[in-house]
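Following: one structure in structure tokens, then a few remarks.
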Amino acid sequence: MVAALIRRTPGTLASAVRLHRAAAAAPARFLSTHVTNAACEDNEPGFLGSVEHFYDRAADISGVSSKSLTGIKAVDSVLSVKFPVEIDPETHVIIEGYRAQHSRHRLPTKGGIRFSDEVDLQEVEALASLMTYKCAVVDVPFGGAKGGVKINPKKFTPAQLERITRRFTLELCQKNFIGPGIDVPAPDVGTGPREMSWIMDTYRQFNPQDVNAAGCVTGKPISQGGVRGRNEATGLGVYYGVREFLQFPEVQKMTGLDGEIAGKTVIVQGFGNVGYWAAKFFENNGAKIIGIGEHDVSAYDPNGLDIEAIFKHRAEKGTFRGFGNAEMLEDPIKIMERECDILIPAALERQIGLKNVKNIKAKIIGEAANGPITPAAHDYLVAQGKVVIPDLLLNAGGVTVSYFEWLKNLSHVRFGRMSRKWEEAGKSKLLTLVEQNAGRQLTPQERRAVIHGAEEHELVYSGLEDTMIGACEETRATAALKKTDFRTAALVNAIQKIATVTEQSGKMFI
Ligand code: NAD
């Protein structure tokens with residue numbers, strides 16, 4: 001076994017809604033190995049370069065001292081491991097894995113684990129940095145982290161994937177890179193609730209005394225301490241965020257759109273966890289999903305695609321091909337160039353670059369994926385008067401609800417369990433008084449509608465909605481104050497919040 005642990009010293013720059021049963025029970029999700037540079041010119045920066053570019057621009061106008069800015073930008077710690085896994089009695093393969101903790105100004109650090117054969121250290125560091133800024137934007141009190149295992153999960157059986165996941169978790173345990181107060185992974189591309197269960201179970205084997213062991217990872221199945229609403233959280237947050245932006249008068253002026261979701265045309269690229277749920281929430285609220293992009297083919301129908309029907313079709317046939325009257329685009333990335341009001345890239349990074357940005361016709365581009373737009377493409381879109389709602393704000397619903405799951409695990413009680421009946425009894429008494437004064441009895445249905453105490457998923461949705469409304473409003477206010485775009489504004493807010501925490505904590509070792 002080869003395992004390398006690199007600790008970087010601070011300051012060293014390293015480079016209304018139903019749960020869909022099939023999606024809820026879905027095992028790992030997969031990222032195609034489709035190139036992430038089909039849309040980009042050779043001279044455009046990679047993912048980490050893009051994150052750093054956006055950071056530098058926001059840092060310049062943040063008003064934060066250069067000393068703090070240098071510290072915030074640096075990736076704190078990187079774990080790089082190689083370990084053998086038995087594929088069959090005759091064969092072992094060596095697997096590469098990474099975990100980057102970008103900032104420990106707040107603990108634990110938090111971020112997904114990705115299974116993809118495109119994983120590399122640069123990507124993991126970029127995603128870890130983005131996690132720090134994202135947590136700050138939505139006031140989730142965590143530092144940022146990210147992990148990756150360099151495999152194509154489609155090439156392994158569930159039993160092999162379990163061995164790989166458990167072996168990687170063992171490395172994390174041995175190197176102190178996991179724990180409810182240290183670093184808490186979550187699902188990302190290529191992983192899901194199943195992998196999170198394996199991670200928690202492995203952590204528990206090595207830490208039997210840790211009563212908070214369930215909080216070592218989020219995105220778990222409900223039976224393993226997961227929280228209701230986590231599965232759809234990122235897509236729901238995307239919907240809430242776009243809905244909020246549509247209501248801002250300046251956005252309406254820039255786009256010529258009214259403030260309603262109903263009637264808007266939407267195209268979604270990527271029909272995995274985030275894309276499926278985002279599409280579902282837009283559809284449920286009256287929008288028309290006219291295009292969905294996937295790695296092999298994209299489906300387009302100007303009359304609107306039925307999300308549940310196309311989901312079922314793809315689940316059965318493995319492709320959109322043959323679905324109803326939809327037009328099939330054999331060059332799938334071209335779906336993003338079709339006319340629409342709202343474009344939601346929800347697949348992977350670097351999907352809009354200098355090669356295709358001039359063809360983008362959407363008025364609002366909501367970044368559900370991490371890093372889907374390169375810096376040059378972003379600036380072009382903004383110069384064209386288009387509204388780009390940035391990833392660190394728009395897809396923060398996942399980490400927000402992960403935070404709720406972690407709180408649930410530390411408190412060892414389901415949200416609402418202690419208060420639901422008490423609230424219902426209080427409201428019932430109040431209604432009786434109202435009925436007496438009004439001289440009329442409410443119908444049983446009217447009564448039920450008013451006294452209904454919140455279920456866990458309703459509390460989660462409400463906490464998420466409140467979080468997204470607050471973060472969108474803060475971003476908008478800073479954009480107006482600094483006369484800048486929404487991405488820079490969100491980053492300015494993040495940088496200022498992180499700087500406040502680090503500066504007010506004192507300087508013990510530097
Ligand atoms: P996923 O694996 O469930 O879905 C990704 C989908 O994109 C898959 O259906 C895949 O087939 C498709 N895809 C892959 N390559 C493509 C291509 N070239 N063109 C079109 N489609 C392609 O992953 P996910 O969890 O939905 O994550 C999607 C994005 O959202 C990633 O950037 C991820 O980092 C980001 N994100 C996810 C979460 C979360 O909670 N899952 C939270 C925040 C951000």
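Glycine too: its Cβ is placed from the backbone N, Cα and C atoms.
Now, the feature entries from TrEMBL:
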- Lys146: active site, proton donor (ACT_SITE)
- Lys110, Lys134, Ser402: substrate binding site (BINDING)
- Thr234, Asn273: NAD(+) binding site (BINDING)
- Asp188: site 'Important for catalysis' (SITE)
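With respect to ligand 1, the recorded positions Lys110, Lys134, Lys146, Ser402 contribute no residue with a C-beta closer than 6 angstroms to one of its atoms. Neighbour density at the Cβ, taken as the number of other Cβ atoms within 10 Å, is lowest among the binding-site residues Asn273, Ser402 for Asn273. The binding-site residues Lys134, Thr234, Asn273, Ser402 include none with a CA atom within 10 A of the CA of the residue listed as 'active site, proton donor'. Within the set of recorded positions Lys110, Lys134, Asp188, the entry lying nearest in space to Asn273 (NAD(+) binding site) is Asp188 (CA atoms).
The maximal spread of the substrate binding site, taken as the longest Cα to Cα distance among Lys110, Lys134, Ser402, is 13 Å. Between the CA atoms of Asp188 (site 'Important for catalysis') and Lys134 (substrate binding site) there is a gap of 15 Å.
Sequence-distant neighbours of Lys110 (substrate binding site): residues of the same chain at least 6 apart with a C-beta under 8 Å from its C-beta are Met131, Cys135, Val140, Phe142, Gly143, Gly144, Ala145, Asp183, Val184, Pro185, Ala186, Thr218, Val399, Ser402, Tyr403. Lys110 (substrate binding site) falls within a strand when secondary structure is assigned with DSSP. Under DSSP, Asp188 (site 'Important for catalysis') is assigned to coil, being neither helix nor strand in the three-state scheme.
A simple way to gauge crowding: the CB of Asp188 (site 'Important for catalysis') has 24 other CB atoms within 10 angstroms, across all the protein chains here. Cα of Thr234 (NAD(+) binding site) to Cα of Lys134 (substrate binding site): a distance of 13 Å. According to its DSSP assignment, Lys134 (substrate binding site) is helical. Excluding Lys110, Lys134, Ser402, which define the substrate site, the same chain contributes Gly111, Met131, Cys135, Val140, Phe142, Gly144, Ala186, Ala396, Gly398, Val399, Thr400, Tyr403 within 8 Å (Cβ to the Cβ centroid), listed in sequence order.
DSSP classifies the residue listed as 'active site, proton donor' as strand under the three-state reduction.
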